[in-house]
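Asks: My questions all concern the structure below.
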Amino acid sequence: MNAIKTRLTATTALSTVLISTLTAATAVAPSGIAPIAAAQNSQDCVATMLSSESALREPTVIEKTLRFRQAWQLTTGAGITVAVIDTGVSPNERLGEVLDGGDFVDGDSGFVDCDGHGTLVAGIIAGRPGADGFAGLAPDAHVLSIRQTADGEGNLESLAQAIDRAVAEGARVINISLTSCAPAGVMPQGATDVAESVARAEVSGAVVVAAAGNKGDSCQAGSVAWPAVLPEVIAVSAVQFDDAGQAQPAEYAITGQWVNVSAPGGPVLGPDPRTPSGLIDRHVFGSGDNTRAQQIAGTSFATPAVSGTAALLLARNPELSPAQVRDIILNSASPISSDLGLGRGIIAPYDALIWTTVDTAAQHDASPATAPAPPDLLSSQERNAPLRATGLLLICALGLGAWLLSRPRQRP
């Protein structure tokens with residue numbers, strides 16, 4: 001399987017936090033679906049830090065923009081399980097109940113997060129409020145952690161199986177802050193497997209939310225992101241605001257007419273994957289004089305804001321179908337110019353909960369959904385293109401500047 005690179009764009013700050021190696025305890029995989037053959041994983045864990053105590057005092061940009069605490073007057077997401085298919089989720093007291101959905105990387109536990117990515121995603125979905133400025137959108141939702149990617153590497157075949165695992169474990173929302181980019185009209189290797197799994201999730205009643213991706217390597221302007229491009233998936237890009245307060249695409253974000261909605265992608269404050277109670281707002285790379293602490297932002301972190309909104313909707317009305325949830329989230333979004341390629345607008349969680357007009361054509365259809373057909377008659381160049389986009393890109397863009405992290409490893 002091709003190794004892929006994780007592109008990280010970063011601001012620079014000095015830190016002396018060292019990168020350490022994490023050894024995970026073995027966990028029993030959940031029943032219901034057999035795991036695929038595990039890939040061997042050996043990596044140094046990403047170090048983390050909190051830049052200052054002042055970072056805890058103010059609500060995050062995500063909260064300031066979405067004002068999601070208003071929604072808690074109506075529901076906090078209790079009773080809904082959100083699957084986080086990612087790098088794993090480390091248990092943290094600010095996350096409440098985290099369920100082990102298994103590990104498709106090395107067969108250990110979904111509670112391993114050596115990359116410091118999945119834990120932050122989970123925090124945006126279901127982080128519990130405290131005396132500081134951190135909280136997730138649906139703080140009483142349960143997180144089902146399925147570890148499918150590590151060290152910036154994964155593949156669409158195992159993503160398809162992870163989606164099936166999420167459905168088997170009863171997830172009503174499936175968050176995928178990962179992408180495989182390809183030129184328009186080209187299906188990456190494994191895309192059909194993912195399309196079929198997403199179709200099964202739709203029939204089961206699970207809402208699938210996926211990131212549009214960040215610019216870099218195979219993800220460029222005009223690229224199409226899988227699985228975000230699928231019609232059953234809510235495709236999420238990231239928004240930022242200029243000095244006049246006008247919404248613009250985040251400088252790192254992939255946009256396009258296939259994007260459905262947008263949300264701020266950071267900077268992120270969230271649970272520390274290395275401690276049971278701490279919060280972080282920086283990843284740390286390098287050592288000695290080359291140590292750099294980088295803000296955390298990306299379409300990876302806009303996506304869980306939409307997943308949290310979906311969890312709130314389903315907690316308030318469990319009878320909603322995935323199509324109805326998509327309809328409400330898109331129609332209740334705060335409109336922005338369609339020329340920006342950010343979909344219908346910026347999500348509005350409280351407005352979604354009080355939205356009353358649901359498209360009657362979006363009723364749950366119990367008949368099997370059909371996966372999209374492969375593109376016709378690809379040229380030789382197009383046929384080779386998916387081989388360069390087979391891997392899953394961990395779409396974590398961290399601030400400004402440029403920093404390229406690549407740790408290729410062998411996969412069977």
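Any Cβ shown, glycine's included, is placed from N, Cα and C.
The active site, charge relay system feature in TrEMBL is assigned to Asp86, His117, Ser300. If you look up TrEMBL, you'll see 77-333 marked as domain 'Peptidase S8/S53'. Taken from TrEMBL, the feature signal peptide covers 1-29.
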Asks: Taking just the CA atoms, what is the gap between Ser300 (active site, charge relay system) and His117 (active site, charge relay system) in Å?
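Replies: Pair distance, Cα basis, whole Å: 9 Å.
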Asks: Looking only at Cβ atoms, how many others are within 10 Å of the one on Asp86 (active site, charge relay system)?
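Replies: A 10 Å sphere around the Cβ of Asp86 (active site, charge relay system) contains 30 other Cβ atoms.
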Asks: At the level of the C-alpha atoms, what whole-angstrom distance separates Asp86 (active site, charge relay system) and His117 (active site, charge relay system)?
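Replies: Cα of Asp86 (active site, charge relay system) to Cα of His117 (active site, charge relay system) measures 7 Å after rounding.
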Asks: Relative to the Cβ position of His117 (active site, charge relay system), how many further Cβ atoms are located within 10 Å?
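Replies: Around the Cβ of His117 (active site, charge relay system), 30 other Cβ atoms lie within 10 Å.
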Asks: Around the Cβ of Ser300 (active site, charge relay system), how many other Cβ atoms lie within 10 Å? Please give the count over every shown protein chain.
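Replies: There are 32 of them.
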